[in-house]
Every structure is written in C-alpha cells, then in structure tokens.
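Okay, structure first, notes after.
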Amino acid sequence: MRLFPKSDKLEHVCYDIRGPVHKEALRLEEEGNKILKLNIGNPAPFGFEAPDEILVDVLRNLPSAQGYCDSKGLYSARKAIVQYYQSKGILGATVNDVYIGNGVSELITMAMQALLNDGDEVLVPMPDYPLWTAAVTLSGGKAVHYLCDEDANWFPTIDDIKAKVNAKTKAIVIINPNNPTGAVYSKELLQEIVEIARQNNLIIFADEIYDKILYDGAVHHHIAALAPDLLTVTLNGLSKAYRVAGFRQGWMILNGPKHNAKGYIEGLDMLASMRLCANVPMQHAIQTALGGYQSINEFILPGGRLLEQRNKAYDLITQIPGITCVKPMGAMYMFPKIDVKKFNIHSDEKMVLDLLRQEKVLLVHGKGFNWHSPDHFRIVTLPYVNQLEEAITKLARFLSDYRQ
C-alpha cells in the first residue's frame, strides 16, 4: 500500500497555538467538558463586538463585491491604508505599495516566500509569534532567534542581534507591541535596531497588529517612520483593534527605497496574483475602520475591559507562589515565568497538558513561542474578569501540589 507522508518541508514547522494541546482540548470538549480557553487572541468569543459602522458598510457594499478585485486589493481600501500611515509620518509609500491579504497570516507567508532562498537567514525575536518562524522555515530559510530580555521589560537585546547578523541575514522581524510578552518598545530601542539594519542592509518586517492596544500611557512608535531610508514592510490588520478576526483582513505596506527590491516586489506581485485576491466584501471594512471612530480606546482607558482584565490577570497571576510576570504594556497577553525547580518541570508542554486534563484550563506553553526553556506560558487576557478569576484560581490550585 502506498503511503502519503507529510511533506519534508513541514518537518521543522510548528504552530503550537493550535497544536497537540489544542487538539486535546477539542477531544475533551467532545466528551462534554467545558474548557476555559486562554489560548488564542480571538476577541469575538469573549463579547468584543465589531463596531456597528463597519458591519453596516460591509453590508451596503455586498451587491458590488461579488467578483474578484485587483490582486493587491480594493483601491479605496489601499488608499485609506496609505493615508493612515502618512498621518503617522510614513511618507514613502503609494497605493501600489499596499497588499491586502486574508489576514496578516497570509501576508507573512507571502513575504517570506517571495524573499528567501534556501539557507537565507531572518532574525526573529525569542519569544515570537510562531508563524514568523514557521513561515521562514517553510520558505527554505533559517529563523535565527535574537533574545528578548525578561529582566529588561522583554526588550530585544541589541548585542545579541548584532552577534547574530552575518552575510546570510536578509531581514529582521520586529513584533511591537509584542506577542506573547506585551512589551511596547521605546523609540530609542527601535532607533538602535534601525541602525543595525542600516549597517547590514537588512529589510525590516514590522508586525504591528496590536499598535492600538496600549496601557498605562504607553506609546507605540512605527519603526518605518524612523527608517525612511530603509525598505520596511509593515503588517497590520483589523483582527484585534477592530474585533473582526473572522473577516480575515490584513495588509502589508512597503515603505522606503524600492529600487534595489524590484525582484522581491515582482515576487510579491506574483504570489498576490496566484491567490487572485483577498476576500472582497470584507475589504470594505478597512476604509471605515481606519477613518472612523476608534472605539478601541474605550477598552484600554481606565474602566475599559481590556485594561481591567489585564490588571486583574496580572494581580492574580503574580500572587501564585513560584510565578513571576512582567506587566504587559500592550496587546492582550501575559507571558509569566514559572519556577521550574520548585515544580520540577522538565516539559512545559506536559505542564499545560496536565493542567488542561485536571482543571480544564487551556493555555499555550512557552516553547510554542520558540522560547528556549520550559519555564514560561502565555495567558490571553480577553476573557471577562470572572472568567479570568476562575481560570487563574484553577491554575493556582493545580500548581499547589504539582510536581513533574
């Protein structure tokens, strides 16, 4: 009998946010168990509704949105994206420099496939959003992880970045605000990273999907505005700030000089054409979202759900003996550290599996974000306060006598 194994290209590709632990949670649900899910940044299931004006505009445009559009996206949506970034000081891009995709996830994969040859290297943060590492690997490249320092508010370690640049390095990825740590980078830090890219002729990929989800007066700086002389690729979308993850609307905008990237851009154009276009009806949400009332502010200011849930989750998690955590300044996650000696932990995946089976709470282990040690896990802070209290109380109870 002929067997059809998994492609060798996927041998070192992983995405543990929806990996084996998630599959076990689905199995438990099928058996009738209720699972408290703190594993994925999907706002809608937790009562975060899309702004009404976005839904209205999508519905109004449905009759004219039944066919394909330009492979890069609707002109009106791309124009709105360009104007938004112009207002942020990013001036070196036109409508033709914007690609709209079925979520940022599709565009990350496209961006890597168009750029990398076998053996090319991309600097990726550790910890990272794992799709970046997966996309680099799937494209034949090598993800080289630079350290983000927990003792320095999870900021990237500049010396480690410098040490890992070599002749094979083509690009550096910056995730700011950061997933999974919630760090928001200072302007001075970003300028140091820009200088490394400048000295080594690197493309900068800026994953800024959480740029509007900021706490305690934190300020987000667009790295493309700090590097007008470099090719920067900024990625963002509607999933988080506008609470429409299911619309699958993301964009990628190229800023800076492009004369030395004509081949790369041809590759992006080819890949965009091969998938014809992104979901057309939902592209009508982009112009309304970027130009309308920014309702996300209601959630991040004092009294807002996201801020209050961040505060409650942080207060509860840091009361558990053996757990420490850097307070996140942005996004919708925490990345606590667990004392592996106290709990004799050798496998963080086993720990979250044991928690799931015993307490029916679903988390993602740190190695799922390419962290190098089994001493972290990620908590999503989207659930209501009472749900967070229940989940973290169960975590504390689980850890009270847990030993591997």
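In case you wondered, yes, glycine gets a Cβ from its N, Cα and C as well.
Since this is a predicted model, take the numbers as computed values, not measurements.
GLY41 (L-alanine binding site) falls outside any helix or strand according to DSSP and counts as coil. Cβ neighbour count for GLY41 (L-alanine binding site): 22 (other Cβ atoms within 10 Å of its Cβ, all protein chains included). Look at Swiss-Prot and you will find GLY41, ASN179, ARG378 tagged as L-alanine binding site, backed by similarity to another entry.
The N6-(pyridoxal phosphate)lysine annotation in Swiss-Prot covers LYS240 and is backed by similarity to another entry. Counting only residues at least six positions away in the same chain, the Cβ atoms of GLY41, PRO43, ILE209, TYR210, LYS212, ILE213, ALA331, MET332 sit under 8 Å from the Cβ of LYS240 (N6-(pyridoxal phosphate)lysine). DSSP assigns LYS240 (N6-(pyridoxal phosphate)lysine) to coil, not to a helix or a strand.
Around ARG378 (L-alanine binding site), the C-beta neighbours below 8 angstroms that are at least 6 residues distant in the chain are ASN39, PRO180, TYR333, MET334, PHE335, LEU363, VAL364, GLY366, GLY368, PHE369.
Cβ-based neighbour count (10 Å, all protein chains) for ASN179 (L-alanine binding site) stands at 26. Other residues of the same chain near the L-alanine site, with their Cβ within 8 Å of the Cβ centroid of GLY41, ASN179, ARG378, are ILE17, ILE40, TYR129, PRO180, ALA331, MET332, TYR333, VAL364, VAL380. Look at ARG378 (L-alanine binding site): DSSP puts it in a strand.
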